[in-house]
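Colleague: The structure under discussion is supplied below as structure tokens; questions concerning it will follow.
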Amino acid sequence: MPAAVGTGAIVKEQQGTIAKVVTGKVVMAPTVPDCCQLTELTEATVLTNIERRYMDNKMYTFTGNILLAVNPYERLPIYEEQYMARFPDVAISKAEPHVFASAEEAYQRIRKDRRAQSIVVSGESGAGKTETNKYLMRYLAWRSRGGKGGTGGADLANAILQSNPILEGFGNAKTGRNNNSSRFGKFIRIHFDPKGGVGGAVMSTYLLEKSRVVFQGPNERNYHSFYMLQAGASAGERASFSLEPGPEKYAFLNQSGCYANTGWGEDSKEYAAMRTAMSAVGLNETTQLEMLSVLASTMHLGNVDFNKVANEEYACAADEARLALASHLLGCEDVGPLLLQRSMKVPGAVYNIQLTPPQATAARNAFGKQVYCLLFDWIVARINDSIRGNANDAMPFIGLLDVFGFEIFEVNSFEQLCINFANEKLHQFFLKFVFKMEEEIYKAEAIAGIKIEYSDNQPCIDLIERPPMGIFKLLDSMCKTPKATDVKFCTSIFDEHAKPGKQHAHLVVPKRRPREDTEFSVRHFAGEVRYACTNFLEKNNDSLDTSFKDMLLQASNGVTRALAQIAADRDESATAGNAKSGARSVGGFASVSKRFVDDINSLVNTLNMTTAHFVRCMKPNARFKKLDFDRAMIKTQLQCNGTLEAVQLMRHGYPNRVPYDLMFDRYKKHLLSVPGVKDLTPAQFCEVLAAIANLDASDYALGVTKMFLKAGKGKFLEELKEKPIDEVLPVLKAKMIEWERRRRALPLIAKFLHMQVKRCRYKRERRLAVYVQSHRRGVLARRAFKAKLAAHRAATEAARIAKAEAARSGHAHRPSTLSAEVAKAEAQAREYAEVQAEVAAEMGLSEQVAESTAAAEALGGEKASVAAKALQEKYGLGGAGKGRAARGAFDLMSPRSSEKLAAEAVTLPEILDPKALQALLQGMDYSMMETEIEAIVLKAKTEARLRERQRIHEITEAVRLEAQRKLKYHVSLAQKQIREELNQRVTAEVKSHAMVQKASFTAEGERCTLRVVQQKDHSETFTKTLKTKEVDAIRAMFKQWDVDGDGAISYSEFIAVMKSVAERQGKPFSEKRVQAMFALADLDKNGSVDFAEFLVMQVQKADRAKLKAELGADGAGASDDSRFLGVGASPGLERLKEVLSEKKGANGKDRVGTGDHASIASFSDLASATDLEPGAPLTEAIDLGPQFLREYLRFNRNGNGCLELEQFVAVLETTLLKRGLRVYRKQLEGMFRAADFDEDGIVELHQFVQLDSVKRYFDTLQKREIQHQQQAREQNEAQQRAVVLQHQKQEAERQAGDRRRSQEIAYRQQQQANVYAASMPQVPPSPGWDASSPAMRPPMSEGEALLSHRLDQAQRQLAMVAQVNAVERDLQLALQMGAGSTSAGTGRSAQVNGP
């Protein structure tokens, strides 16, 4: 804190404490009862608020409706009846934080809604859950007695309260974290009648910790009941039960050395309170003594020890008197057989097996645990009988849940797994109720904008219980498996949930698992817990031997007989459950985990049917000290129980909800006189109420059925809902009338404002349009273009004259220069005209577009007219003068056009200053001014666009050159990386090959067998049988290599020998190659080559040499060239052999060296003799060897025929693509590796093309491509024939139509001729008339001549019809033949394309 602070300053500490300075003193800001009311909601402020309230002895704090309770570790005077009187009929939102406020909230809701309620009290062990449940039961009992339930209800309430001392005595114990820890779970349902009185109660318990009866850890005690009986029993009872002086005398009580429990109370006083409570719940004195006798028998049973029988292995009781005393107190004749023998049933017989002393001790412990557990179940059943009353399922209830808290001990066993699983389920219920229900409500009510995030623990629950491989399911399965052990069970967990790649997120797998799995760890919501698997199988088996139940049924003690009946009923229930689920019962197995999981799931289902209220209990420290607040510990508990997430949800969500119908039905009928109310829907009515309350729109949201309000914003509506109608109605009417006036005035004001806004916008747009658009469109650019065209023509004429003068003067070089200049000038003029046409089209100048286009065409622009039409269609220009006629000085522009024009005005360069422009326009009329301005703008835009084009061209060229430079650089870099990766991969393969193999040889007579096996799976990779002489020769060579004589060749020796060999043979020495050879030879990767590995190296070398010789050899005396070209090659390769011989020259080297260019040219010409033009169809398969060689010479004209991988792939890919063949790179790489016999990364192309397998492969590839091309050609021909036939058919149909029309015309003309002939008068012929003689024919009149003409025309038409008929017959015949050929072609195509 600063030394001097001004008054009124706000001081904030790092821990979140907020203080205010008042008159120079620091005053702490007041705490808030609800964390949702904090103005600054963070973890620090929440912790500070809880801490300061705790230090003020205010242990309770609300978080919404969730109550946070911090254990004070002392008795506070806030639980008396005078304090209880503060809470009846007080809403939880107005009550102070207290457990009584939560109880009152549940009580009020069950009275109003008649719906079941539940109060879930949760927290760690020692957080105060048991005490909180006692206070809840006290308040509910007191509240029910204050109602009209009668004396019966009061007695039931008292009986319910009296059950607490009994259950605490038999079910609670001292642990290292809690002096009064509940070692069982309890859920009590208190039923209420319609009058508010207690109608009855039913109690359910879960998983009593049986192992505590026989074992306690350090600083722990057994159950309170043992110590209470020892300290509080009367003298007669002590004599009757034969009790020892103190608890340290009993083996079941003295294991931890802890006997007193000052933090809980005095055992003698608690014993008296327990006996009084037993009487209150209906247990008479005789029954109490019988029950205590059973409890005492369990104490004495722990003192029974066992020894070996003389000369035997089985056990006997060390003190028969102690065994007899335990049997007597239990009421049985003798329990010894149950502890010393085990019965085994087989079909037709029963065998009794004697137990050893350790087995007898285990049987004694199991007997004691079962008796105590059955006694506890009997007590719960008797309490239920006394408090049940008239309770039934139809009566609503308030459920109080008190379960074991989350436990993490040094040694966690089966009980801790069950307890923590129950806490996981309850934590999930809290998440589901508080978060998931909120999310579903927001979704159902269509409330958007609320983001709910929380950590769901469902995966952890699935790990424990989900069938078929949950931990509990694996445990049950292991219990039914013969010879199962705890170690096998633990291993099965890791085998199922720790698979590689499928490891469960909530199972912690150690980095190094031990040889035997004895423990596993689960990541719970509250932390990581490690469970020891010891005795898991034993603790999960709750079955009892039949002899055990038979002996208890024959006991003289009535309580003992009742215990046997409870055990029998439980076994029958387990058997029925297994039969119902289809499970097979093995050996009378009854699963504790299954029953516990079923009980917890049933409990959660019951809680889901109730309205839950949560009380979160927390431990302030682990030292059991009052007023000691550990912030880190509280923060961890707040994070684990989900309180911080709930705080954020309450703060940012809508915690208050008001149903529409509730407010609507209550007030609408009283407000019908208010104008407009009767027309409102329920949602609108509540919205009106929010407007009346002056709520901001962000303070509430309207759902489908209710109104959602922020925290603290629904006070007005809550008051309306709670107050009487008579008080609220006058105020509500007045506010409704005021709201209605505002609603009616709002449209008038809105209309005026809307009109004003529109008017202002219109005036502004019109002013801008008149200003910008008045002189926008001119056409004076035509004048500028004419001037430009005249200049161009002058330049052309000057060039022509200069050309003529140059021709006369005899200079030969000037015409070409002048022509280039002329062409350049024409190109520039043409570009200027095209750009000017484009700009004119954008400006809407149709005339200028036409003129500029014509000029461009005149200058050689072939596409100018097409571009002009496209521009006219794009900008809607129909013709000359159309743009100007459609424009006016006062036409309004759209906002988009105005923005475009403004942008153009900014980018245009200044051509003339204002004074020059004024002088230019002086003396012009409006039309001339408009034309002049258009010309200026057109010229400026054209020149600007030309400059832009030039700049773009320069930038593009620069980018292209830079990209080309970068591409070359990256290609070279990629090639380098590929070479490096190839070397690394080869080295890695060599190393991995060497690391996994081992060589060995065995001598068998005169032969020796050499083997190489994989070290991993011992599979053979190389086998060779050698003669002894060969082995001896190689051994002698090995001794020469092994300089130091240690039986192994080191790397230094290997490299020295190889260097000397290279020097002797005159070959270059490569250390990398020698290193690779050594790595191949060193099979076991131990850094040296032994004799077996050396033998493998020499044998493989001999095999490679033999194979290499066989490639080109053809009997004895084969020439050196046979190594490359072989015998039996094609004639083309024979000629290539001769060329290679010429290239070899005088040096005589094996590989082709650098030769003269003439030989290379002949080599290339000879190879190209069989070349095929790219894209030409294949007709037959040819030898691709010369093609590969020819393509190689194109890559490297002076090469020696040796290729690396990339060169090899490039040569083959180029050749195959020219032939239209496709081969993938992986296939080519495989060919390269197969042909690399020396494994040096180099392939001799001359050797490769002579391999028979290569020839066969490429021949098959070509044949397949030829077949494919032939099928494609046939299919194309069939398609072409079908198209031709279709055209013939259409032509035939057209001619048939023409024929029909000709027939109709001829027929009509014939009819007209007949009619005309009939109308002519018949004149008889004169004497001597000869009709056949032309001379005798009289001259025809005009009508007769017309008739004759028409008759001739009709005859010609008839002849034409006959010709058409003949043509039609021919076409039909052709169509029939074509259809047959088409079907045949289709069939062939189908056959080609078939499978």
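The backbone N, Cα and C atoms fix where each Cβ goes, and this holds for glycine too.
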Colleague: Under TrEMBL, the annotation region 'Actin-binding' belongs to which of these stretches: 71-93, 186-208, 600-622, 738-760?
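Modeller: Of 71-93, 186-208, 600-622, 738-760, TrEMBL gives region 'Actin-binding' for 600-622.
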Colleague: Taking residues 6+ outside the domain 'EF-hand' (1029-1064), which of them lie with a CB under 8 Å of any CB in it?
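Modeller: Non-local partners: 1001, 1003, 1008, 1071, 1074-1075, 1077-1078, 1081, 1087-1091, 1094-1095, 1098.
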Colleague: Report the DSSP secondary-structure composition of the region 'Actin-binding' (600-622) as helix, strand and coil residue counts.
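Modeller: Breakdown, helix to coil: 9 helix, 8 strand, 6 coil.
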Colleague: Take the Cβ of GLY128 (ATP binding site) and count every other Cβ within 10 Å, whichever protein chain it belongs to.
Modeller: 25
Colleague: If you count, for each of the binding-site residues SER125, GLY126, LYS129, the other Cβ atoms lying within 10 Å of its Cβ, which residue has the minimum?
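Modeller: Relative to the other binding-site residues in SER125, GLY126, LYS129, SER125 has the fewest Cβ atoms within 10 Å.
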Colleague: Average pLDDT across the domain 'EF-hand' (1069-1104)?
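Modeller: Average per-residue pLDDT within the domain 'EF-hand' (1069-1104): 82.
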Colleague: Give me the sequence-ordered set of same-chain residues, not including GLY123, GLU124, SER125, GLY126, ALA127, GLY128, LYS129, THR130, with a C-beta within 8 angstroms of the centroid of the ATP site's C-beta atoms.
Modeller: ASN71, ASN178, SER181, GLY405, CYS617, LYS619
Colleague: Quiz question: given the binding-site residues GLU124, THR130, which has the greatest number of C-beta atoms lying within 10 angstroms of its own C-beta?
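Modeller: Per the Cβ count, the most surrounded site is GLU124.
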Colleague: At a 10 Å cut-off from the C-beta of GLY123 (ATP binding site), count the other C-beta atoms across all protein chains.
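Modeller: By my count, 25.
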Colleague: Short question: which residues 6 or more past the ends of the domain 'EF-hand' (1069-1104) have a Cβ under 8 Å from it?
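Modeller: Distant contacts of the domain 'EF-hand' (1069-1104): 986-987, 990-991, 993-995, 997-1001, 1010, 1012, 1015, 1022, 1024, 1026, 1031, 1034-1035, 1037-1038, 1041, 1047-1051, 1054-1055, 1058-1059, 1062-1063, 1237-1240.
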Colleague: Do any residues at least six apart in sequence from ALA127 (ATP binding site), in the same chain, have a Cβ closer than 8 Å to its Cβ, and if so which, in order?
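Modeller: In sequence order, the residues whose Cβ lies under 8 Å from that of ALA127 (ATP binding site) (at least 6 apart) are ALA69, ASN71, GLY405, CYS617, MET618, LYS619, GLN637.
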Colleague: Determine how many residues of the domain 'EF-hand' (1029-1064) DSSP places in helix, in strand and in coil.
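Modeller: Reading the DSSP string over the domain 'EF-hand' (1029-1064) gives 27 helix, 3 strand, 6 coil.
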Colleague: Looking only at the domain 'EF-hand' (1069-1104), how are its residues distributed among DSSP helix, strand and coil?
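Modeller: Counting residues per DSSP class in the domain 'EF-hand' (1069-1104), I get 25 helix, 3 strand, 8 coil.
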Colleague: DSSP-wise, what's the residue breakdown of the region 'Disordered' (1287-1308) into helix, strand and coil?
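Modeller: Helix, strand and coil residues of the region 'Disordered' (1287-1308) number 22 helix, 0 strand, 0 coil.
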